[in-house]
Amino acid sequence: MDASTLFKKVKVKRVLGSLEQQIDDITTDSRTAREGSIFVASVGYTVDSHKFCQSVADQGCKLVVVNKEQSLPANVTQVVVPDTLRVASILAHTLYDYPSHQLVTFGVTGTNGKTSIATMIHLIQRKLQKNSAYLGTNGFQINETKTKGANTTPETVSLTKKIKEAVDAGAESMTLEVSSHGLVLGRLRGVEFDVAIFSNLTQDHLDFHGTMEAYGHAKSLLFSQLGEDLSKEKYVVLNNDDSFSEYLRTVTPCEVFSYGIDEEAQFMAKNIQESLQGVSFDFVTPFGTYSVKSPYVGKFNISNIMAAMIAVWSKGTSLETIIKAVENLEPVEGRLEVLDPSLPIDLIIDYAHTADGMNKLIDAVQPFVKQKLIFLVGMAGERDLTKTPEMGRVACRADYVIFTPDNPANDDPKMLTAELAKGATHQNYIEFDDRAEGIKHAIDIAEPGDTVVLASKGREPYQIMPGHIKVPHRDDLIGLEAAYKKFGGGPVGQ
């Protein structure tokens, strides 16, 4: 596409050089800029990428978007704008032909449950023989092909490219985990959502947002912006068991479907039965009551299942068809995942990293604990420490607790575990500043019949260490290796 055509929608700009050049790529990553690319520089929290403009010029890039004029060769066109990332969004959606308009787009937000709900929607679509894509904490997936991702919600250009990739692969729908960071930072500008789903709102990310009010406002942006084009059928799915849904109902102009277990809602779960093999319940709907069975464990997953079913149903699939699909879904990786049922202990990994998430996790497993419940939890570095003692208090619902860091980054691991220990309500705990050693200790003290829960990371494949270096780490593999060494069995899978 000709650059002059691309920039027609950008009204506030100063152009230094010629826009008469062909463009086939936009990037915010200086390492990928080349001839035919537009490089968009920005001022981030840690890095000002304007300093890479000369490097991209050396790589053959002839067009940069900047917030102030740079000292560059005369053959490099500079487009100076006040907000480079907002312009990046406009350019990306224009160049890639508004890809989110070409499929059904589901957006899932909330403190806990985003990954589970989003993954369930994707898996239901696949069971229905529909081409589907997923993007979130567990990476990027088109049908069954997976690639890793860096952020729950990538920056705007990368996100648009992923949606375009899904469209080109024939995806009929795409499900996005929508983080509060992504909403506030404008990473989702221009994405056309068809269905927005809310799970819950509990304390998290106050290091970024400052207050719960600001955090809640960030989440609400998905719902308030959903109605920008009222000519399309768009829907909102809200959890009535969370009081924040009342506010979200007031900010969206779209039709709302509610679900709940404890509070009255249009769609409800009754007569709940739970085990470590899954759940069953009566799904009470405006159209009748249906029996639902699922391999997902825990009462909180019933809420997630309902949210996913309603979202898919809202776009035209019958509930009967969806329920059949739900009964045969695969587990969501790293979400209340029981590792190797042949072991004499119940070894479980989960992503729970807030007090609310941990409470729900313990609620889910405690009825099935045969002997002791051993619970390992970590605290992330450079995050909101005000939530940490409450996490320690909740963890002490278990018989024995192990406190570790989780992605300590530049914080002192001993400080992080000490913050967790401030909330301890009994003395049956120990602190490890090395998470892997903490996991090995959990297995070492476990006896047949015990339940060992490794919380906070799920299947996240790394630890963020000082200097923000990512070091390979897998809770599940470390736990299984230690368990096989102690109890026999194996080998450890990948």
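Using the three backbone atoms N, Cα and C, a Cβ is placed for every residue, glycine included.
What Swiss-Prot says about this one:
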BINDING   Gly110, Thr111, Asn112, Gly113, Lys114, Thr115, Ser116  ATP binding site
MOD_RES   Lys219  N6-carboxylysine
MOTIF     406-409  motif 'L-lysine recognition motif'
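Known features from Swiss-Prot, placed on the structure.
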{"residue": "Gly110", "record": "ATP binding site", "DSSP (3 states)": "coil"}
{"residue": "Thr115", "record": "ATP binding site", "DSSP (3 states)": "helix"}
{"residue": "Lys219", "record": "N6-carboxylysine", "DSSP (3 states)": "helix"}
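Computed over the motif 'L-lysine recognition motif' (406-409), the whole-number mean pLDDT of the model equals 94. Other residues of the chain with a Cβ within 8 Å of the Cβ centroid of Gly110, Thr111, Asn112, Gly113, Lys114, Thr115, Ser116, the ATP site, are Val108, Ile117, Ser199, Asn200, Asn304. Ranked by Cα separation from Lys219 (N6-carboxylysine), the binding-site residues Gly110, Gly113, Lys114, Thr115, Ser116 are led by Gly110. The number of other CB atoms found within 10 A of the CB of Lys114 (ATP binding site), across every protein chain shown, is 26. Put plainly, the binding-site residues Thr111, Ser116 were compared by Cβ crowding within 10 Å, and the winner is Ser116. The local packing around Gly113 (ATP binding site), expressed as other Cβ atoms within 10 Å of its Cβ over all shown chains, amounts to 27. Proximity of Thr115 (ATP binding site) to non-local residues of its own chain (separation of 6 or more, Cβ distance below 8 Å) is seen for Gly136, Thr137, Asn138, Glu177, Val332, Gly334, Arg335, Tyr351, Gly458, given in sequence order.
Helix first, then strand, then coil: DSSP counts for the motif 'L-lysine recognition motif' (406-409) stand at 0 helix, 1 strand, 3 coil.
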